[in-house]
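Participant: Below is one structure. I have some questions about it.
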């Protein structure tokens, strides 16, 4: 079919997480529970960090992170839940474009934000005397704005590249949302040039922030080792290891999916990896970054006490 055929395409069919009918209800309730925990956990963080006593750079970044996590899950999960129990699993061409744009934008922005958060922690631990001057309100807003602008550029470029490809043959996407690898597989033209560009984008969006995060935590750990108190060292090591675990999980799932979009790796395995970064990690972030924090817990407890009195 010629290159113009894809312009006649009006919708795609999403195959979902599994084609086995006996698993659909189990998947629905499991994903529904995870999504509920994502919303509750991240909304609590947004409310808690808005408290006047928590108006610091760290909590500002956490509030933005929670907003991004809610948005990422909400772009993917509701449609996935509907498709799990519905026979009609179609998504319009425009809907697919919009979903891909939003997922790439939110994921890219979150990566840059995680790098900013690691830098903030580095300044707090390694440059405590200069912390107020370096991490001013203006600097924090600039970091978030730069993260969003970078995510916007990446998303526009990737979405434009994917949807200028010609799609022919089956319109069924073997995935639970519109993502780059399954869409590239539907293309009937040579995508080697696009795949090289995608590798460059993956390095820019994932590996570069990951290296910056790793460098920040290396400096932090080096400073921790000089702390005389064993209890303080243990507490800081515990926090750093939790953060690095989530970041590494995020990095691994992203790179395995996007570095080789047309690889022979099982699409089922890629679905699991995509489920991790769109659904599981947004649930883990509140637990890792905030709900273990003493100040956040105190604000939440006081807020619940006020509500119970009313």
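Just so you know, glycine gets a Cβ as well, placed from its N, Cα and C.
TrEMBL annotations: computationally assigned, not manually curated.
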Participant: Would you mind telling me which of 172-191, 272-291 TrEMBL tags as transmembrane segment?
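Facilitator: From TrEMBL, the annotated transmembrane segment range turns out to be 272-291.
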Participant: Pick from 60-78, 79-97: which stretch is listed in TrEMBL under transmembrane segment?
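Facilitator: Range annotated as transmembrane segment by TrEMBL: 60-78.
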Participant: Residues of the same chain, at least six outside the transmembrane segment (60-78), with any C-beta under 8 angstroms of its C-beta?
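Facilitator: Contacts of the transmembrane segment (60-78) (Cβ under 8 Å, skipping residues fewer than 6 from its ends): 31, 35, 38-39, 41-43, 45-46, 49-50, 99, 102-103, 106-107, 109-110, 113-114, 116-117, 120, 140, 143-144, 176-177, 278-279, 281-283, 285-286, 289-290.
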Participant: Any idea what the model's mean pLDDT is for the domain 'G-protein coupled receptors family 1 profile' (41-289)?
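Facilitator: Here the mean pLDDT over the domain 'G-protein coupled receptors family 1 profile' (41-289) amounts to 86.
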